[in-house]
Structures are given as structure tokens and as C-alpha cells.
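S.K.: Before I ask anything, here is the structure I am working with.
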Amino acid sequence: MQGPPYNHTVETPATFFLVGIPGLQSSHLWLAISLSAMYTTALVGNSIIMMVICMDSTLQEPMFCFLCVLAAVDIIMASSVVPKMVSIFSSGHSSISFQACFTQMYFVHAATAVETGLLLAMAFDRCVAICKPLHYKSILTPRVMLGMSVAITIRAVIFMTPLSWMISHLPFCGSHVVPHSYCEHMAVAKLACADPMASCLYSLIGSSIIVGADVVLIAASYILILRAVFGISSKNAQWKALSTCGSHVVVMALYYLPGMVSVYISWLGQDSVPLHTQVLLSDFYLVIPPTLNPIIYGLRTKQLRERIWSLLICPFHHSSQSS
């Protein structure tokens, strides 16, 4: 005999409550100030990069186009979580509606999936530029770049849509207090009355496949780059190529290391690693890369650095001349 049909509307909470960082409530104000400063830096820095690349016709190369898209994704990723975090840490406004919670979850995880794809595209761009410089423009045509961008976006949507559907259709009939500062998938899934193992396994396997494949391809690209660089006779050319690629490697390390550590700790080390450490690691994984990416690229990429400097100096130069 079949049981009564599952009534999704009855077991769907109207509101979740985000704790912030469990055990560190006394530090919430300082965290709010730090996050506000980092978020402002991320917004201003990434906006400047987007504006400079879009306005300057000399920066329409594939590398800068991918960097422009990366800056936009960084703004989306940081904006999905930081304003709510600051609200929790500064004023204690911890409530978030059911729909807003899962919308935030979707954008956070989709943005991270897009970002790892963009890092792969940028590694491929450097590989072609250094290993096949004479064929660079014929390989990375605008059509190829558009195709890569669309494929990266479709992959993120294909990954996130089933995950969002699975977790949003779980019954939440118990506690609605999320021990986290944003609607992180594992933290929300653990509140379900039903077994969330299917969505958790899907998330772990899916993210491992996406990140694992991207890291392998990125590593292969940089192996080819290093082989080509050390085959160059000019030391100056070697240094220039390594310097350009160095900024990419730093950004990738900032992105992949905290991200994968955070994912696997939530599965394997949740009993040995304090909860506040897990939450802090997960939070800064979403905030630090968007904050540092424009600084790293702006300082280490000569063309971009010169354009940004001229953009910032020109208004003062014109005003001094007019006076």
C-alpha cells in the first residue's frame, strides 16, 4: 500500500537562518569590516579592469577578453555572498528566504564552475601564444573564443541545474538554522529530513570531475609552455614569458587550493577540523580570488598596468593643465 504523496509546500520552510561563523560571534564586527574592504577592492578593481579592456582597442586580444569575463564572474561571485555576510556580521540580520537561499547557492556554485573553465581557457591562450605564436590569431579567432565561453557557461548550467533541483526538493521539516555564513550546499543539505546523500555525492563527483579535468589540462598546457620557454635562446624573452604565466599560476593557486581543501574537508575532515575553520576557509575561498585577481593581473601584466595607470593619471593631468 502506498503512503500519502509528499506535500512539498508543507515541508518547505519560508526562511533559513544563517549563523555566520559558529564560535566566532565575538569577531563578527571585525570580519564585517574586513569583508567590506575586500568587497570594495574587488568591485573597484574588477570594474576598472573591465572598463579599461572594453575602452582600449589595443587590449582586444583573447587573453584580455578572457580576463574581462573573469572580472565580471568575480563580481558576480563576490556579490552573491558578501553583502549578506556583512549584514550578518554587522547587524545580525541572519534570515534569508527559501528562494533567495537556493538562488544564492545556484549563483555561487555556477560562478565557481565558470571560473575554473575560464582559468583553463586562459591557460590554453598562453599555451598557444607561446608555443604557436605565428598561428595565435588564426587559432584563437573571435568565433573560437565565443564558442569556448558558451561551452564553459553551458557546462556550469548543466552541472548546477540538477544539483539545485535535488536539494531544493528535499523536505526541511526540522531546524532551519544553517551553521554557515551563506547557503553552502553541504550545510543546507544536512538540515533535510530525508537522506541528502544523492545530492551530496552528485556535488562531490561533479566538482571533482570538472576541477580535476581542468587542472589536468591546465598542467598539460604549462608543461608545453615550459618546454617552449626553455627552448628560447633569449633570456629576456624567457623572463617575459615566465612573468606573464606566473600571474596566471598565482591566481590558479589562490582559486584551486582553498576551494578543493574546503570541499574535501566538508566530506572527510568535518570531525577533525573545527567548524569555524571550515566556514572561514569556504568564505575566503569566494572572496580572496575576486579581491586579488585584479591586483595580480593589474600589477604583473605590463600592457594592462600601463593602461590603468594612464586612465587614473589622465584626469589629474588634464585638470592641472586647465588650471
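Glycine is treated like the rest: Cβ placed from N, Cα and C.
As annotated in TrEMBL:
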type: DOMAIN; residues: 45-297; note: domain 'G-protein coupled receptors family 1 profile'
type: TRANSMEM; residues: 29-52; note: transmembrane segment
type: TRANSMEM; residues: 64-86; note: transmembrane segment
type: TRANSMEM; residues: 106-124; note: transmembrane segment
type: TRANSMEM; residues: 144-167; note: transmembrane segment
type: TRANSMEM; residues: 204-230; note: transmembrane segment
type: TRANSMEM; residues: 242-267; note: transmembrane segment
type: TRANSMEM; residues: 279-299; note: transmembrane segment
S.K.: In the same chain, which residue numbers or ranges, 6 or more beyond the ends of the transmembrane segment (29-52), come under 8 angstroms Cβ to Cβ?
M.R.: 21, 59, 67-68, 71-72, 74-75, 78-79, 82-83, 85-86, 89-90, 287-288, 290-291, 293-295, 297-298, 304, 307-308, 311
S.K.: Residues sitting near the transmembrane segment (279-299): Cβ under 8 Å, six or more positions beyond its termini, same chain?
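M.R.: Residues 21-22, 24, 35, 38-39, 41-42, 45-46, 48-49, 67, 70-71, 74-75, 77-78, 80-82, 85, 108, 112, 115, 179-182, 184, 247, 250-251, 254-255, 258-259, 261-262, 265-266, 305, 308 contact the transmembrane segment (279-299) from elsewhere in the chain.
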S.K.: For the domain 'G-protein coupled receptors family 1 profile' (45-297), report the average pLDDT of the model, please.
M.R.: 85
